[in-house]
Amino acid sequence: MSILQVSTSSLSSSTLLSISPRKSLSSTKSCRIVRCSVEGTTVTERKVSATSEPLLLRAVKGEVVDRPPVWLMRQAGRYMKSYQTLCEKYPSFRDRSENADLVVEISLQPWKVFKPDGVILFSDILTPLSGMNIPFDIVKGKGPIIFNPPQSAADVAQVREFVPEESVPYVGEALRRLRNEVNNEAAVLGFVGAPFTLSSYVIEGGSSKNFTQIKRLAFSQPKVLHALLQKFTTSMITYIRYQADSGAQAVQIFDSWATELSPVDFEEFSLPYLKQIVEAVKQTHPNLPLILYASGSGGLLERLARTGVDVVSLDWTVDMAEGRDRLGRDIAVQGNVDPGVLFGSKEFITSRIHDTVKKAGRDKHILNLGHGIKVGTPEENVAHFFEVAQEIRY
């Protein structure tokens with residue numbers, strides 16, 4: 001057995017976790033090793049030069065790394081005082097997310113404080129809708145609202161092909177600037193919504209608790225839904241390529257609502273379109289890591305693996321060790337600490353991080369939450385999460 005050494009400033013002594021070794025690829029990247037003292041404990045920190053690949057990308061490939069890379073979904077958001085202050089000046093979410101200056105500023109807020117290994121674009125999966133002739137808004141306290149949800153083949157025919165250079169040039173500008181700001185000290189991450197999840201928002205007219213409208217369409221007019229799914233698929237292929245060409249070093253695909261489908265319906269209304277996206281993107285960007293997240297995906301893990309993505313992001317309802325076994329060792333995993341854990345004590349947070357890292361094993365793991373950071377999460381607890389994660393050594 002190999003030993004994982006974890007040293008944290010919150011513990012009086014080092015904590016040892018046993019990790020079963022798994023085969024890794026050798027890294028050819030050169031790094032400078034810096035040793036510093038933290039409250040009497042020597043911490044070895046790997047300083048990556050701006051010319052070498054970020055830790056997150058090397059981990060996804062299965063290269064030998066000192067620790068798991070870490071970033072958190074919704075790491076830029078309402079739990080941060082700096083974000084709250086900015087919201088007072090710019091109360092509209094779309095004003096904040098559709099302005100390159102603000103997108104860069106907000107995306108970098110957690111980077112400047114916590115130094116995560118992934119810096120994700122501040123945006124929304126619904127951002128492309130306006131450019132597809134689907135009017136929408138995001139209202140504080142209500143969430144997304146889709147005006148005039150499509151209900152027929154004629155309505156779907158009015159949905160336009162997405163041209164990101166014309167519709168969302170601020171996304172490209174923000175990604176280019178983020179790459180320059182982060183300077184390869186972390187991976188710049190883009191993201192898109194998956195076709196079924198986007199269709200769900202559009203058909204339901206916003207968020208939903210029971211998904212009656214999308215299922216009514218799926219089971220009574222499947223051809224209409226398939227036409228909409230194909231339009232979103234083609235558009236998201238274009239959008240991922242645009243993000244990659246603008247500076248994104250990995251892209252996460254959110255299929256948040258796919259788990260509302262039964263396995264057989266997932267295979268009809270989600271899986272083929274996810275596979276189509278992955279295959280098309282890999283033809284033009286073969287080295288771009290694609291991450292897939294689907295909330296509550298325990299019943300679909302094997303099917304998620306069939307999409308061809310490089311990383312599957314697990315939520316907290318799946319045991320990390322069991323999830324790895326079910327997905328297979330060729331796929332990297334991300335996650336999967338319960339976001340609610342961040343309301344606990346620092347000792348509790350530390351123990352859950354250690355448990356997750358131990359179960360994930362030594363390679364091909366990105367430490368993250370199983371969902372986004374919750375509103376009201378203490379900012380100091382997020383800081384502690386990053387501190388503990390960054391002091392882990394395999």
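Quick reminder: no glycine exception, Cβ is built from N, Cα and C everywhere.
What Swiss-Prot says about this one:
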| type | residues | note |
| --- | --- | --- |
| BINDING | ARG74, GLN75, ALA76, GLY77, ARG78, PHE93, SER123, ASP124, TYR201, SER256, HIS371 | substrate binding site |
| SITE | ASP124 | site 'Transition state stabilizer' |
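ARG74 (substrate binding site) sits 11 Å from ASP124 (site 'Transition state stabilizer'), taking the CA atoms of both as reference points. ALA76 (substrate binding site): 23 other CB atoms within 10 A of its CB, across all protein chains. For the binding-site residues ARG74, SER123, the greatest number of Cβ atoms within 10 Å around a candidate Cβ is found at SER123. Counting every protein chain shown, the Cβ of ASP124 (site 'Transition state stabilizer') has 17 other Cβ atoms within 10 Å. The two recorded residues ARG78 (substrate binding site) and ASP124 (site 'Transition state stabilizer') have their Cα atoms spaced 14 Å from each other.
Cβ neighbour count for ARG78 (substrate binding site): 14 (other Cβ atoms within 10 Å of its Cβ, all protein chains included).
Those residues noted as binding substrate (ARG74, GLN75, ALA76, GLY77, ARG78, PHE93, SER123, ASP124, TYR201, SER256, HIS371) have their most widely separated CA atoms at a distance of 23 Å. Using a 10 Å radius centred on the Cβ of HIS371 (substrate binding site) and all shown protein chains, the other Cβ atoms total 23.
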